[in-house]
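K.L.:
Let me give you the structure first, and then I'll get to my questions.
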Amino acid sequence: MKLLTVLTLLTGLVAASPIDLEKRQRNELRVGACEEITFIFARASTETGYLGGSTGPGVCNGLKLARVGQVACQGVAPRYTADLASNFLPQGTSQAAIDEAVELFQLAASKCPNTKIVAGGYSQGTAVMHNAIPALPDNIKNMIKGVVLFGDTRNQQDGGRIPNFPTDKTKIYCAVGDLVCEGTLVITAAHFTYMANVADAVSFLLARV
């Protein structure tokens, strides 16, 4: 019953999203030119496209509006499928998702060595970032200027930080009443309020690039 409730709520989030399909399909690091800033994002469970339909494209669009012609947005996909079942794995997501995110950070560093990397995740996507970033070598970690995490499913488990990554480069958004931030997979209405934090997240990232 709990899993059915989670699925119903998450499906409703996607259906209600105002973000159009074109903006969800951001694959610009892989197929586009290098830009001054590269944004890598892992979407929430059941969200479609590369960036999802909420905070991912919200932050991407905010960065692009502030730094016109200087931002490439890249979603962690397609091997990260954002399925519900992977939330229950020990790392909070699949190894395939983690490996894909690691490869994207490596691609940004090798293809675009002068880019400034910023990153983010929402819900299960935060677990992707919590696991991928610590796996990177120090030279790539140093290229990451800021990370924003919404509804962090690894917040309690990792002590309110990304392991082995500077806390001053990380901003975690955990709404009052969002129980996933407290080490559970219980989904409440608070888990769907993070569009309200997008503008602040954009400002946080811009201040670091």
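Every residue gets a Cβ built from N, Cα and C, even glycine.
For reference, Swiss-Prot lists these features for the protein:
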type	residues	note
ACT_SITE	HIS191	active site, proton donor/acceptor
DISULFID	CYS34-CYS112	disulfide bond
DISULFID	CYS60-CYS73	disulfide bond
DISULFID	CYS174-CYS181	disulfide bond
SIGNAL	1-16	signal peptide
SITE	SER45	site 'Transition state stabilizer'
SITE	GLN124	site 'Transition state stabilizer'
K.L.:
May I ask which of the recorded positions SER45, CYS60, HIS191 is closest to CYS34 (disulfide bond) if we compare their C-alpha atoms?
P.N.:
CYS60
K.L.:
Compare the Cα of GLN124 (site 'Transition state stabilizer') against each of the recorded positions SER45, CYS112, HIS191 and report the nearest.
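P.N.:
It is SER45, whose Cα lies nearest.
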K.L.:
In three-state terms from DSSP, label CYS73 (disulfide bond) for me.
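P.N.:
The three-state answer is strand.
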K.L.:
Sort out for me which one of CYS73, CYS112, CYS181 has the most neighbouring CB atoms within 10 A, since those are the disulfide-bonded residues we care about.
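P.N.:
The largest 10 Å Cβ neighbour count belongs to CYS73.
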K.L.:
Pick from SER45, GLN124: which of these recorded sites has the biggest number of other Cβ atoms within 10 Å of its Cβ?
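P.N.:
For the recorded sites SER45, GLN124, the Cβ with the most other Cβ atoms within 10 Å is GLN124.
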K.L.:
Do any residues at least six apart in sequence from CYS174 (disulfide bond), in the same chain, have a Cβ closer than 8 Å to its Cβ, and if so which, in order?
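P.N.:
Looking at Cβ-Cβ distances below 8 Å from CYS174 (disulfide bond), excluding near sequence neighbours, one finds GLY151, ASP152, ASN155, CYS181.
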K.L.:
Which recorded positions are spatial neighbours of HIS191 (active site, proton donor/acceptor) here, meaning Cα within 10 Å, out of SER45, CYS60, CYS73, CYS112?
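P.N.:
Hits: none.
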K.L.:
Reported as an integer number of Å, what is the Cα distance between SER45 (site 'Transition state stabilizer') and CYS60 (disulfide bond)?
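P.N.:
Approximately 18 Å lies between the Cα of SER45 (site 'Transition state stabilizer') and that of CYS60 (disulfide bond).
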K.L.:
In the structure shown, which of the disulfide-bonded residues CYS34, CYS60 has the fewest Cβ neighbours within 10 Å?
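P.N.:
Selected from the disulfide-bonded residues CYS34, CYS60 on minimum Cβ neighbours within 10 Å: CYS34.
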